[in-house]
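What follows is a set of notes on a single structure, which appears directly below.
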Amino acid sequence: MGAKLILDHVNKSFGDTNTLNDISFEVKAGEFVAVVGPSGSGKSTFLSIAGALLTPSSGRVLVGGEDLSYLSEKERHRIRLEKIGFIFQTSNLIPYLTVRDQLLLIAELSGEQTAGEKKADELLEQLGLSHRTGHYPEKLSGGERQRVAIARAWMNDPDILLADEPTASLDLKRGRDVVEMIADGVKRRNKAAIMVTHDERMLDVCDRIVRIEDGKIR
Amino acid sequence: MFLAIREMKYAKLRYTLIGLIMVLVAWLVLFVTGLANGLASDNAAVIQKMDADYFVLQEEADNRLNRSELSAGQVDAIGGEPFGVRMMTIEHTGKVDVTVFSMNPESEIMPRIVEGKSGVVADQSLQMTIGDQFTDSITREVMTVTGLTEGQSFSHTPAIFVTEGPVSAVAVQSKSIHVDGVELLTKKEALQSIPGYKEEQGSLMMMIVFLFMIAAIVLAVFFYVMTIQKMHQFGVLKAIGTHSIYLARTIIYQVIIISIVSLLISVALVYGIAFVLPVDLPFYLTPSLTAGTSLLFLAVSVLGSLLSLYKVTKVDALDAMGGSF
Ligand SMILES: Nc1ncnc2c1ncn2[C@@H]1O[C@H](COP(=O)(O)OP(=O)(O)OP(=O)(O)O)[C@@H](O)[C@H]1O
Ligand SMILES: [Mg+2]
């Protein structure tokens, strides 16, 4: 089974500053990679390029075997919907959707409403959220919110999960729970995940650690 | 629809309040439209409904039907259907101003008689029945009602149709008239020159236009502010694969739902109010006028949301990264 994500000699510059410098990088199926590095080193930029939110200035990005280089904006939407799962730092969830509807939205967007209901209930069960399905995000704890975000990210069976500091607003115990749930999902489905984190105490849960400094992998 | 409905259910109060404003504006639009239509009818029904495209008047009449006087020679030369117009005060149960039209009862321009036969045909709004007598307050001539018409009035007075009288104008279907001392008016020009018609319709029309603009602007501001507040959220939605078109559709659905619900309520209110209005208030709203006004209202509302749609397409999915600002 090949790589879920490949970055091939990727550069990214904003104006004349080089934020990412000749990054080549692979994540295999079943692998959970942590990305660490000082503030401003380009971690979020790296994640945005891997997640088809940004286009690289040069180099190639392949997600689940599909080359993103020549895709239109519309096709990049499709890639994000079908092949990538996102977990952001905060404000992941849509305030006016219940926990279950957060997941069903993904099914609605991909036009698989009927299969979606069963899938959503399974995921909520797996992440220990069955008793929260009808709640709005405002009624959830920070940890529960991130678990809903994880469940939503798995909804479409993506090739890769991308998480930008998912534990930043959580205490150690809850933070570890969330990271372990991501790791569990990766193994269970044989998919891949990349997590940007500042918290060294989470690193033992991950399979591999990648350090980014000044836009280069060390 | 998925997002549109759920958001409206979640933020009920917000959407109810904007709906309430729309109900009031839509109600006013419909009410003023009904009033404009009622006044137009009150002032000009006979001419509006007359089966003629052009009117020939005396040149010196200043386009005013009731000032015009045509000689028998001119009438013969013009052809078409001659008729007379004169104002009269009659005595029945009290003194009432009426407009008396004289015309050949067999002619095309004679309105439909809903009851009785030709001779002296009074409009139902005079509350007379066949056989009733009334007196011309100047000549003291006594006339007996032989028939009734419906919805015929002129210059804010009820109309009475008689068979004989001096000719004021000739209704014709073609505009090729070559007779000296006369002037040809289209139906529209004839209506516009009825005293007060232009002014009434003009000022009410201006009110209606302003109300439409208010509706559009209120919705535009409401949805624009909401959109600005939700930029980060739209960023997240786009990042997880929602297309701009889907988000734009969500806003349009919400505008349409608000507008349709508001319109339904205000149509019900307007028809309810029409029942309790005093009968002499000229308010007249036909189903087709209501439907047309409502459709226009809907279109204007959707137009008002365009600004937000533009904003939504400009949201960058990258906004979702880096937490909330
Ligand atoms: N859209 C942009 N336009 C211009 N410069 C940008 C843009 N996005 C990021 N940068 C710059 O690129 C550099 C790397 O930013 P990035 O957000 O990737 O860092 P980071 O490693 O995620 O930092 P942090 O740990 O603080 O989140 C920064 O110097 C930032 O100013
Ligand atoms: Mg960052």
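In case you wondered, yes, glycine gets a Cβ from its N, Cα and C as well.
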Annotated transmembrane segment segment (source TrEMBL; candidates B:3-24, B:69-90, B:289-310): B:289-310
DSSP-assigned states of the domain 'ABC3 transporter permease C-terminal' (B:206-315) in counts, ordered helix, strand, coil: 92 helix, 0 strand, 18 coil
Overall pLDDT for the domain 'ABC3 transporter permease C-terminal' (B:206-315), taken as the rounded mean: 93
Contacting positions for the transmembrane segment (B:204-225) when only residues 6+ beyond its ends and CB under 8 Å are counted: 18, 21-22, 25-26, 28-29, 32-33, 35-36, 39, 251, 254-255, 258-259, 296-297, 300-301, 303-308, 311
Same-chain residue ranges lying at least 6 outside the transmembrane segment (B:246-277) that approach it to Cβ under 8 Å: 1, 3-5, 7-8, 15, 18-19, 22-24, 26-27, 29-31, 34, 219, 223, 227, 234, 237-238, 283, 285, 290, 294, 297-298, 301-302, 304-305, 308-309, 312-313, 315
